Amino acid sequence: MAKFTTRLDNNFCFLSHNTSTSQSSILLNRTSRKNLQLQLSPSKHRFNFNVLCSIKEKENVKGEIEKVGGGASGGGLVNGVRVEELDRKTGLGRENASKEAGFDLVWPPWKNTPQRYKLIGTTSLAFVICNMDKVNLSVAIIPMSHQFGWNSSVAGVVQSSFFWGYALSQLPGGWLSKLFGGRKVLEIGVLAWSLATALVPVLAGFMPGLLLSRVLVGIGEGVSPSAATDLIARSIPLEERSRAVSFVFGGLSVGSVTGLLVAPTLIQNLGWESVFYLFGLLGIWWYLGFHFLGKGLASDAVEVEHVAPLQSANLHKSWNNSLEELAQTKTSWSNTQEELRASLKDVPWKAFFRRPAVWAMIYAHFCGSWGHYTCLSWLPTFFSEELNLNLREAAWVSILPPLASVFVTSIAAQFADNLIANGVETTTVRKICQAISFLSPATCMILSSLDLGLQPWEIVGFLSCGLALSSFALSGLYCTHQDISPEYASILLGITNTVGAVPGIVGVALTGFLLDSTHSWSMSLFAPSIFFYLTGTIVWLAFASSKPQSFSESD
């Protein structure tokens, strides 16, 4: 927190700035009443603004202190501002008989924001970058296929390679998040996928290298859902959980919109390579900024000798609390190796798979991912070929589903939380939201697949509406992991997300194969998604539950 104190003298005005490592000042040298000279030396975090006043001005201040009853020798209050003795600190001479007026400036602006909101905000931003790096290939694959001579089958394999790593990292991500905490796992994941994204242009001409780079992107992004789930389960109360989940995972829709909006312009002006370089750099910036913010929260160190006695006591207490937190952190990390050995044994793996509710989550995750991943990967190509749009038009039309999802997400979260707050059973709320998220896109895909003579803009509207309403899953399936077990929420999401990544591997590649075989978008893209949406709805309504469960092995 910055501290400004001012002093006026008959010769000059002095502004001092002190930190634990440096001191700087602004000097206003007054040669006459009308002429002032300003000298400024910048410093880092803390400012003391000192106004040196003459004897006459000091007497006026003293009289003002006596009027408000604050005439203590150590200082008082003038118009609500504390005045402190400063002569001994500044060494500017007794004849100045100066006083110090101080006020606090909060910086950075988010300093007093509750910790859980800071974590949720930065996690949501990471998810924005996550989907930017996921959708960039769905746009770049068009010029890349032309440059390297890939057919739809090869393009499908390239796009599905991301999900190979994504599936592999789900369970390890959930386990590591439970052991080390979601925050640490998330920042490592962001750094890993960002570096791998930047390597794509370098390895694009060598197919094994290209596939490996996308696998690494998938591994980095694969740990992020479990890490976020761990953060939410540990820090967010039940009545805020739907909104927290929707805000964090809603970053995926924002990332899709941003990526699909920016990628075509970058490709047409700077080449397809620029998308991977710039998007990878964004993730590295996030990683560095996350570290900077973390250090800023942990160390707001100031020099106690430059602070008023009352403030000094408060800051000393705060500093002691920080030291205690650091000591606790050090103790926690010293026990990491022992926890690492015991953690796998503590997870009730068998008990998970004895619960019908867990199997309902697994299958629902698989069904929802099939429709989501196949459309995410192939919609730009569908709009380009089926609706005869160029690259930029196809990408911008592809923005509509995730853009609409941003608004649907906020509505769904408020809808779910209000129902729970009004006494509706949590299981009922989750079933309603998930049923909406499955039946809406299934209905719209059926309408788009049938030969009804629809205009291109009508097909775009139906698909955008259906895929946007699928965001109700964020208040359905994606909240159920935390509902039934906050302790094992990250591991449960790791399990369901592992199965949910299979459609990214099989479905994306299978769509390309079916497209080459049938030359029908209805058969290759829409029909499989419709099937899984409908069967997923049946299984979810029959077996899903949000009742807390102990998962005891003895059960």
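A Cβ is built for glycine as well, from the same backbone N, Cα and C atoms used for every other residue.
As annotated by TrEMBL, domain 'Major facilitator superfamily (MFS) profile' applies to 119-547.
Taken from TrEMBL, the feature transmembrane segment applies to 188-212 (among others).
Under the heading transmembrane segment, TrEMBL lists 244-263 (among others).
Under the heading transmembrane segment, TrEMBL lists 275-293 (among others). Proximity of distant same-chain residues to the transmembrane segment (275-293), defined by a Cβ-Cβ separation under 8 Å and at least 6 residues beyond the stretch ends, is recorded for 118, 122, 125-126, 129, 132-133, 136, 139-140, 187, 190-191, 193-201, 259, 262-263, 266-267.
As annotated by TrEMBL, transmembrane segment applies to 358-379 (among others).
The transmembrane segment feature in TrEMBL is assigned to 399-420 (among others). Residues of the same chain lying 6 or more positions beyond the ends of the transmembrane segment (399-420) and with a Cβ under 8 Å from any Cβ of it are 131, 238-243, 245-247, 249-250, 252-254, 256-257, 260-261, 375, 379, 426, 428-430, 432-433, 436, 460, 463-465, 467-472, 474-476, 479.
Sequence annotations record features per position, and here TrEMBL assigns transmembrane segment to 459-479 (among others).
What TrEMBL lists as transmembrane segment is 491-515 (among others).
Away from its own ends, the transmembrane segment (521-543) comes close to residues 356-357, 359-360, 363-364, 366-368, 370-371, 374-375, 378, 382, 386, 431, 434-435, 438-439, 441-442, 445-446, 448-449, 476-477, 503, 507, 510-512, 514-515 of its chain (Cβ-Cβ under 8 Å, at least six residues beyond either end). The transmembrane segment feature in TrEMBL is assigned to 521-543 (among others).
Sequence-distant contacts of the transmembrane segment (188-212) (same chain, six or more residues past either end, CB-CB distance under 8 Å): 126, 129-130, 133, 136-137, 144, 148, 157-158, 161, 164, 173, 218-224, 227, 272-273, 276-277, 279-284, 286-287, 290.
Same-chain residues lying 6+ beyond the ends of the transmembrane segment (459-479) with a Cβ under 8 Å from its Cβ atoms: 241-242, 245-246, 249-250, 253, 361, 364-365, 368, 371-372, 375, 379, 383, 387, 397, 400-402, 404-405, 407-409, 412-413, 415-416, 429-438, 440-445, 447-448, 493, 496, 540, 546.
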